[in-house]
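Annotated features in TrEMBL:
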- Ser207: active site, charge relay system (ACT_SITE)
- Asp345: active site, charge relay system (ACT_SITE)
- His376: active site, charge relay system (ACT_SITE)
- 127-382: domain 'AB hydrolase-1' (DOMAIN)
Amino acid sequence: MNAMLETPELPAVFDGVKLAAVAAVLYVIVRCLNLKSPTAPPDLYFQDSGLSRFLLKSCPLLTKEYIPPLIWGKSGHIQTALYGKMGRVRSPHPYGHRKFITMSDGATSTFDLFEPLAEHCVGDDITMVICPGIANHSEKQYIRTFVDYAQKNGYRCAVLNHLGALPNIELTSPRMFTYGCTWEFGAMVNYIKKTYPLTQLVVVGFSLGGNIVCKYLGETQANQEKVLCCVSVCQGYSALRAQETFMQWDQCRRFYNFLMADNMKKIILSHRQALFGDHVKKPQILEDTDLSRLYTATSLMQIDDNVMRKFHGYNSLKEYYEEESCMRYLHRIYVPLMLINAADDPLVHESLLTIPKSLSEKRENVMFVLPLHGGHLGFFEGSVLFPEPLTWMDKLVVEYANAICQWERNKSQCSDTEQVEADLE
């Protein structure tokens, strides 16, 4: 009799278990998608100056909320994964011309040149010289999207193809792109200056490209001639300080490290004959055993230590990272400099962000922009589920470049007025 009375309670127990399971799943979803995180304008770090005040007035995106897609946009991992796998939504196909430059060591550097599709807002000839992320090139969707938007805003665009990154371009010397080598980027900039003597330059670098462009500008004062400004997006500033964090499982950085290393291995091995073949003159400290170590490498640091540093004759990985990181050169940049990172970038540890914060506190020409969300080169915008083709990052870089062009135009007009008044006196 008691058993018969207890039986009806079983479905209620099962319903309770189901409810608990659903609650647990919802909790995991909310945590993983970071749904409770607020939307807010980006944090800004800068010194109060005429330039910074002008930028705040001229760049509405600096003071407006960045609103990512509601369902998944607050997850830095999903933003990063979508950038890495999909690139962009409905990416355009801008038409350009591929240029070839023979370097002094026999390497063949290439870049793609895209002419403007409209008149620039200040009416001047402005060229964006763009350095993509690790192993990237002008055919990547995020680059195509940005170039198309820049063209429509009156910019000529020159996009470096990292040495060895294009699958249909063979290496002509036993060397490929490295973390901080500026040779190919410098060659592209010099070509633009000679071909378009009246043009002014806006320098843009994404991820690893951000390290390269900042290092290039800081190497010599001459590299900053004709440069209006520089924008760096999602770089880590110091490979030496980043290497330890990149081996940690926090924010799955070790997993991303493995995936990026696997991609690098494929690129290097696709150029096996040019880099390791018996018929080529290899760097003196690059040995055949390095090829076998490459096969077993599971991190970028192992690849850098066994192969990449040896292209430039560094004696150790520490020396390679110290010399090739832009952190040593940032204080030598005197043109307006915008540094952009996302607080939820799973590849860039928060400890590395003290570098741009500290720099912006000391230099009037530097503004550090740190939105809560965006991941690594994601920065997708949208209402609920589907992202828009153009990202917050694309719009901010062009908006900042437009503002700097207008700032320089205003300065020039003021100087001309002062000169006229002085002549009249």
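Heads up, the Cβ atoms here are built off N, Cα and C, so glycines get one too.
Source: prediction; values computed, not measured.
Between the C-alpha atoms of Ser207 (active site, charge relay system) and His376 (active site, charge relay system), the distance comes to 8 Å. Within the model, the domain 'AB hydrolase-1' (127-382) shows a mean pLDDT value of 94, rounded to a whole number.
Around Asp345 (active site, charge relay system), the same-chain residues six or more apart in sequence whose CB sits under 8 Å from its CB are Gly76, Thr80, Cys234, Gly374, Gly375, His376, listed in sequence order.
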